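Q: Found this in TrEMBL, in case it helps:
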type	residues	note
DOMAIN	202-219	domain 'Tyrosinase copper-binding'
DOMAIN	383-394	domain 'Tyrosinase copper-binding'
SIGNAL	1-18	signal peptide
TRANSMEM	473-497	transmembrane segment
């Protein structure tokens, strides 16, 4: 039955979301440095005729950066996205998207006016049907070409400064793998020169907001290609786990019976091909990953360097991390001490908060433990366990936000490594989002985690679709209630009139069937309703 459902899903082709909008991948757009596509709803750029947005000059942050990247003008990701475009759609109200044709996270409806709240749940709390649906959706994303977005197969200089576009089609799942590669790849300085101390999504303050947005977009695209608006990413709570308990053929793929580095042939993930996993090869060619297939997913959980990561993280380590009051500290990179971000990311000891490059804790520990595709930063999103893992990391970030209630100003405005200041646009997303926009509680973005939600919140989340339907038809409900009240009053009147006529005919009928006792007056009736 699951295979039939999967076959049906693979027949669906709808848009996806990612980096370069297909409508802006022409030499005309690159030479004009403008990405303001038409919205199909009214045929105007950015849906301007409908008040959705307008084409505007981008406003870049000029706050000083940290000293980790000593160059200027050598990397396309500097001052993102100014190398490619300096005019993009700026959306109004609750509208979002590269052409303002979608709703902001947490909103829905034709005018994006309806608030909504989705719940992310543990993968072990899903029913068999829900698990099968999740796996089918993943496979659908892997086999569905992106209709709206393409990837860059060359740098801006290799494109002759825009006159010779170099873009390539890609499927929805690999689009996100490529984005994770692109944001973290080394800087190509020409010849054999490489600068490795750069990452626009890791080792600095933007690590948690960037991955929060990344998961939201990934979740959003699955909702779009499946038509399932209520789909949410499940999470894997790995605290105190003794092994990879999601590494089964019923879930993310078991171990191959003869080759421990491969996935079991009983899992359809065993047929998946990875991309963007050969970073040294790209560096030697001074080239970008072009999304060519590079072999199967590799995974060998538990057979890793135990001197670096002795075991999976514990509940006590997560709790200690949550007690750290500073989001960021010191140099705001992987050497930061007593930094919640650096400790959760895994560069600081989860028992002391002191930076330790010889150990990998919390988030990093999971990647190391998987001992395969997950263990390489640039290509780690090839393994679908990445999604479950980062959803749980995001839930720990959410716990910290709720416990400490920081103002947005707590997020560093200046002197963070390149790409990580509060007002820096996050690489490589178009439409544009700033780091500080996602240093905010998840409920403001329209989602929550089941194990963090209050019982009241959970019941409200369950009732919300029904309450929304009631809101839309309240006039009819009121009218029906009025008519029903009139009819009830007429029937009651007729019954009372009939009873009075009967009383006149027989006095015996007025006597009680049972004698009342004094205790009857002391009974109180309580409604569980």
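Even glycines carry a Cβ here, placed using N, Cα and C.
TrEMBL does not curate its annotations; it predicts them automatically.
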Q: Can you check how the pLDDT averages out over the domain 'Tyrosinase copper-binding' (383-394)?
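A: Averaging the confidence scores along the domain 'Tyrosinase copper-binding' (383-394) gives 98.
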Q: May I have the DSSP-based helix, strand and coil counts for the residues of the domain 'Tyrosinase copper-binding' (383-394)?
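A: Helix/strand/coil tally for the domain 'Tyrosinase copper-binding' (383-394): 10 helix, 0 strand, 2 coil.
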Q: Count the residues of the domain 'Tyrosinase copper-binding' (202-219) that DSSP assigns to helix (H, G, I), to strand (E, B) and to coil, and report the three numbers in that order.
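A: Its residues fall into 13 helix, 0 strand, 5 coil.
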